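Peer 1: Okay, these came from TrEMBL:
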TRANSMEM  A:20-39  transmembrane segment
TRANSMEM  A:46-68  transmembrane segment
TRANSMEM  A:74-93  transmembrane segment
TRANSMEM  A:105-122  transmembrane segment
TRANSMEM  A:160-178  transmembrane segment
TRANSMEM  A:199-227  transmembrane segment
TRANSMEM  A:233-254  transmembrane segment
TRANSMEM  A:261-281  transmembrane segment
TRANSMEM  A:293-312  transmembrane segment
Amino acid sequence: MEQMTGMIPQLLIDGLTLGFVYAIVALGYTMVYGILEFINFAHSEIFMVGAFAGTEVLLFMQSAGYLGSLPAPVALLIAIIIAMIFSGTVGVVVERVAYKPVRTAPKLVAFISAIGVSFFLQDAVRLVEGLWKNAFYLSTPTLFTASIHITGGLRIPVKVLYIMVIAIVIMFSLNLFINRHKLGKAMRAVAQDRNTASLMAIDVNAIISLTFLIGAALGGAAGTLFAVQYSLIHPYVGFIIGMKAFTAAVFGGIGSIPGAMLGGILLGLLEVFGAGFLGILTNGVFGAEYKDVFAFAILIIILIFKPSGLLGKTVGEKV
Amino acid sequence: MGMKIKRIGMFTLVVLLILSVVGCSSNTETAEVAGSVGGGSSVIKVASVTPLSGSQAAVGESIKNGSELALAERVDEFKALGFDLQFAPQDDQADPKVGVAVAQRLIMDDDLLAVVGHWNSGVAIPSSEVYANGSLAMVSPANTANDVTDRELPNVNRICARDDAQGPAGADYAFDELGIKSIFILQDKTTYGQGVADEFMNQYKSIGGEVLGYEGVTAGESDFSAVLEMVRASGAEAVYFGGIYPEGSLITKQLKEKGIDVKFVGPDGMDSGEVINIAGDAAIGMTYTSLAADISGTPEGRVFIDNYTKMFNKAPEAYSSYGYDAMNVTLNAIKAAIEGNGGEKPSREDVVAAARATSGFKGLATNVTFNKRGDNTEANIYILTFDEAKYPATVTKEIPATGYLKD
């Protein structure tokens, strides 16, 4: 027991860090679902592309010598912004090329198209990095090494603080945009009823592109934060994160933006606490490797009682 | 080691693959021309079977090249005996299905007397069953899985050490030489990682070490914070990680970031330059076991590196010298079988018996004496430590694997 309480504060920090990354990726899934009722399975690869873009920017700054002279948070911000622009563009192009032509076709067609895009992006990144760097495992430069010591063994790495702050700022501004801005209002209108929205002089195609742009840009930001936190990326890094983030989006209620944030953070916490405590609680019968089973079991239980997710609304069927 | 994927630039591999296919086809052509000149029954063929295409083509090609060099050096010796020695390189694509198909084809060729291969244990095991049906001798340069020889097939031999030797060797070294008395074991839940971690744990416990925890992590994940907190809470002096370098390097790095001051011990899955790229300075002090010798320090090794570089226009890799030694063991066996047969072309059964009887062979990377299972009693295990953030690590100890053979 004493061992457990000693671990709680540190696990809380680790779980929140992981949860914020899940949350930002989950936003991309939930936004596209909200508008098109279709799960963009290529989003995990957009995340990966963003991670590569951010890492390449940081590597460039490192080789050009800017990394030492710029304050680390500024360097991180530059990397995030470039990664957001890059992956946002990729997201819009993907929508135009792979989803728009099949928008009126059955949902399954777009879904298969998304899987195709996934494979394409993985191998494209592998090809480009292989040609360019002769390796497709990239190591992200270390930006922050310091950590703040609080009582006893508890320490918060500075980079975790930056990641949390940036994640909160991103989520807060997204919420503000969706709820207050005219374009955000248009997005919500398209989500509710595409045809009626177009009757109200909303350019539905532009709004869908905008949704992909924002969702993919968030994926890019999450990718860069992930790369800085865990410092190893490869073309297949999106798969597990994508799965978990999608789960988080369903957990929180797919289509709901605050739901994706809540779902992501809860999933991160569940996973880390599951890994830390399962062994102790079950006396070694279930070890840390059962953390996903634990997290997903809780997810299933919640979905049984609340099928639309924690913050999801049961909406009537769309015509 | 055998099951490991060398994650090097994919594109390079594709280029290598194209080059190697071009290289192979031209080799076979010359071999066929020579064969038709020499005439049917005096031809003796030896195959190498390694991945020459796909993601593991680079290492497969380096083994093929090593054995090709060994064979090329001895063509004249066999000519003096009245035989036309030919090399038949094959591609198993690191795929068990392809390996078995290749094996079926090989046993149909009457001139083919022995096989050097494979790279992946998972390919070697089913393919060697086919060789056994055709009484074809196989000398493996690099298959470390226990089951390769534990099935006790008469035709299967290997010149490298076994997986169940490196776990215990690592445990002995950690306990006796590094003075680690309590350890926390992590493994990646793969056949390789869990296997080697379990072998480590059994030995470590039996010599009096204290295992304070045993947890699995998921290969492909990036966040190991929760299990590392368990390591901290357990108060262990060191972590043993059964697995491969991407996760191992991240664990090393995250331990340092979290300020958890423990030593890191790993198996040969950690033997990669990527460790330094990923973990950086955190890798200093990391210790791992390896089954491949570094030959660059010996005069014979330098001659080999020169000849290899001249012949193939590239430097040899860790297992090239094992391909070279495995081919020489094979050719010695064929030669012994020829002599035992009064100078006539021997049967495959003769070669199988002669290969198993290999004893006191002095090789480039390893000496070879096969026991009754076909395991090499003279194989070594190497302990390496990163003294600085630079690959390759320094060899700190050479341990004979024979002490870890069960019989």
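Using the three backbone atoms N, Cα and C, a Cβ is placed for every residue, glycine included.
Because TrEMBL annotations are produced automatically, they should be read as predictions rather than curated entries.
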Peer 1: Of the stretches A:20-39, A:74-93, A:160-178, A:199-227, A:293-312, which racks up the most C-beta pairs under 8 Å with the transmembrane segment (A:105-122)?
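Peer 2: The stretch I would name here is A:20-39.
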Peer 1: Select the range from A:20-39, A:74-93, A:293-312 that forms the most Cβ-Cβ pairs under 8 Å with the transmembrane segment (A:199-227).
Peer 2: A:74-93
Peer 1: Under a Cβ pair cut-off of under 8 Å, which of the recorded stretches A:20-39, A:74-93, A:293-312 contacts the transmembrane segment (A:261-281) most often?
Peer 2: A:20-39
Peer 1: Near the transmembrane segment (A:20-39), which same-chain residues lie under 8 Å Cβ to Cβ, leaving out any that are not at least 6 residues past its ends?
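Peer 2: Apart from its flanks, the transmembrane segment (A:20-39) reaches 46-47, 99, 103, 107, 110-111, 114, 163-164, 167-168, 170-171, 174, 187, 190-191, 207-208, 211-212, 214-216, 218-219, 221-222, 225-226, 229, 241-242, 244-246, 248-249, 252, 254-257, 259-265, 267-268, 318.
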